[in-house]
Every structure is written in structure tokens, then in C-alpha cells.
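Trainee: Feature list, courtesy of Swiss-Prot:
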type: BINDING; residues: 165-172, 190-194, 212-215, 282-285, 310-312; note: GTP binding site
type: BINDING; residues: Ser172, Thr192; note: Mg(2+) binding site
type: DOMAIN; residues: 1-158; note: domain 'Obg'
type: DOMAIN; residues: 159-329; note: domain 'OBG-type G'
type: DOMAIN; residues: 350-428; note: domain 'OCT'
Amino acid sequence: MFVDQVKIYVKGGDGGNGMVAFRREKYVPKGGPAGGDGGKGGDVVFVVDEGLRTLMDFRYQRHFKAPRGENGMSKNQHGKNAEDLLVKVPPGTVVIDADTNEVLADLTEQGQRFVVAKGGRGGRGNTRFATAANPAPEIAENGEPGEERNVILELKLLADVGLVGFPSVGKSTLLSVVSAARPKIAEYHFTTLVPNLGVVETEDGRSFVMADLPGLIEGAHEGVGLGHQFLRHIERTRVIVHVIDMAAVEGRDPYDDYVVINEELKQYNLRLTERPQIVAANKMDMPNAEENLRRFKEKVGEAVPVFPISAATRQGVRELLFAIADLLETTPEFPLHELEEPAVQRVVYKYEKEELPFTITRGSDGAFILSGEKIEKLFKMTDFSREESVRRFARQLRAMGVDDALRERGAKDGDTVRLLDYEFEFVDDWDER
């Protein structure tokens, strides 16, 4: 199973409810309103943690909901703001909105933060609604609902070196002998189904991260075999080590393997061919390997460095690691996308259609159905247990043009109007006093 792409649900905490209260102290005549505001709901925040290397943790928990703010209290005491919910993600995580496919964030650096779902503000207490005309209001708001969304987390592996090659050429064996990683190794294709990471340290103290990536086959750029899941991981590697079975155990020609794999990399992303590549001619301890190596070198020439090794016996591995470390010192990180002129700063202005505050549809039972983010939020923040709050909500709907829109749609006195799970009766001659 690939855990490098996972869909999760996040929701910011709701704001705390405002309070309706009045001062009732012995020596304070006409004390007035004293209801405090609710506290802000917590945000859901992604935080990069270098200690994480996979998205495996999200396999077991896919819903993240921040705590809600504390409700307001009497004596004008405001509710406490809720703590943010911190969700740790590995470096290299790309956050994508599941509904719009918009890339929201690319998290690469230790400690980097991204607020993926904001908490709602606290509802106002009745002190906030006092006016000269109404000095003792019995109105308070419920807390604002927190943002909620479905997001896709995609992990593009942050490895310095990627091992590529056909299945069963010895990539996992090589990683296991040069690092403390213990990948699954067996005599069948696609033993490696997920990338394995290992930290390699050379004898002179240099270190780098090496990734044993799932095996490629012809047609991988079109999704054949492990296809796209493999190629997604290699995009950020700085150096490619091409492991080739020089003994031709599977019956394939080593040079043909080399050509096919490089063509797959080129077809998937042209920029992959710009990365420096080293050939690790593996299984040199087996028959026919020396003759195959000689013919291979004749065909590739001097353009590509070739290191004969045997991962099983560790022959030539030391020299290979030194060559990789030397190459990394002179190889910068590669951009994933096309280069732009560094001196030019561009600002992109996007046209965003103004969202209507509400829409009206008809239900199968003839009821008028109100919907829309703005009107639904207004509804959720209204305390319908208090008459003044209900009247205020009705005034707000009238100001938004809901009454006129319902009349245009043919609503008559006594018709049913539905908003979320609640039903109202349309009153054509409503008196707002």
C-alpha cells in the first residue's frame, strides 16, 4: 500500500457562545447587560517535523478537529480562546484542496507551519448589543463555526540520492549494506512497494539520505506497474544512482535496461534527465558479469560514470559512496517546475466570481430551500431560544434580500421555508418591531 498520498478531513474549532447576563449587585441600580463574549476556536495547523518520513500515521487517523472556544460568562468575563491543534507532517508534504485541486502549501523546512483550517470567532455577549434605544438587550451570538475542508496530503520524498532500476536488480540489498535501513528483500519482483529511506555515512564523515525506490518497468510513465507512485518520489532527488543487474540474471541485456529506464524518466518529466546519474553495475560476483560490463562500457562511453559493485559481498561499495558524496557537494537542488527569471517578481491576479449570499431552490414537497455559506453561518450563530435574537435574524434576512427573493419565486403567506435542518413559515406582512 502506498501511504504517500492520503485524504483527510480537518475542521477548525467553533467559537464559544456569547452570554446573556445582567448585573444584579445590591448597590448597582440599573446595572445593565454583563454578558461576556465567547472565546475563539482553535486552528488546525500543519507543522513540519523532520523526524517523520512517511504519511503512515494518517492511515489510522483521518479526522482532525480543533477544540472550540470557551463560552462567555457573566460579569463581562470573556471565554478563553481554544488551543490550536498541531498536526505533524514530514518534510516534503504538499497540501492540496480535495474539492478544487488547488495546491494550498508545500511544506519543506523544519518547523514550517500552515494553518489549514481557521477556528471560528467567539460569539458576542449581550453587552455588545446595548444601544440607547435598547440598553438591556437579551441578544447574544452563538460562536462562529470553524472552517472545515477535505485535503489531500502528498509526500514527495526529500532524499538526496534515489536508487532506480528494474525490479530485483539489488537496490534494496545495496541500501541495507550502506545504511541502517532494513528494507524487505526477496527473490521476486516488486518486493519494495513503498520507498525505504536510509542515512548513509562515508568513512570521511559525510552523510546523505538514500532512497530505495520501487522498481520501474517499461511503460511506467503511463502508470504501468508501480508507475506514477514510483516516479512521484524521484522528483526531488538530487542524484540518481542507476542500479543495473550486470549478470543479466533475468535474461535482459544490461544496456537495454539502462536505455529503457532513462526513457521512462524522460517521458515522465524532462527535468529528471538533468540530474547527474551514476551507474552501479551490480552482481559483479556472478558469472558473465565481467563480459557484460565490458560491452556495456563500450556502448555508454565515458559520459556516465560506471562503478562495478557487488551489494551482496560489498565489493566496490566504498568507492561508489565516495563518488556519490563528491557529486552531491557540487549538485544544487533542482526546481520541480520550469525555471523563471529570478529577478522578475510576478503577481498573479485571479478573477474570483463573487459568491451569492444565498440561493433558493424548491424541494420535492414544495418547500423553499435556502442555502449558501453566508446565510448558513448567520443561522448557526443565532440563538433561537431568545425572541430578540429571532427578530434580529429576521431583520438580517430582510436586509440580505431574502424576503424579496422568496416573493419573486412565488412564496405566499404560510409557505414552508427550509434552512439546513430547520423549517420556518413565510410571513408576508411580518412586523419587525
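The first residue you see is number 1, and the count goes up from there.
The backbone N, Cα and C atoms fix where each Cβ goes, and this holds for glycine too.
Because the structure is a prediction, the values reported are computed rather than measured.
How buried are these features, and what lies next to them?
Mentor: Summarising the environment of Gly165 (GTP binding site), the number of other Cβ atoms within 10 Å of its Cβ, over all protein chains shown, is 25.
Helix first, then strand, then coil: DSSP counts for the domain 'OCT' (350-428) stand at 29 helix, 17 strand, 33 coil.
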Trainee: Tally every other Cβ atom lying within 10 Å of the Cβ atom of Ser172 (Mg(2+) binding site).
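Mentor: Total other Cβ atoms inside 10 Å, all chains included: 24.
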Trainee: With the cut-off set at 10 Å between Cβ atoms, which of these binding-site residues ends up with the most neighbours? Options: Lys171, Lys283.
Mentor: Lys171
Trainee: Check Ser168 (GTP binding site) against DSSP and tell me helix, strand or coil, would you?
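Mentor: Reduced to three states, the DSSP call for Ser168 (GTP binding site) is coil.
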Trainee: Roughly how many Å separate the Cα of Lys283 (GTP binding site) from that of Ser172 (Mg(2+) binding site), to the nearest whole number?
Mentor: 13
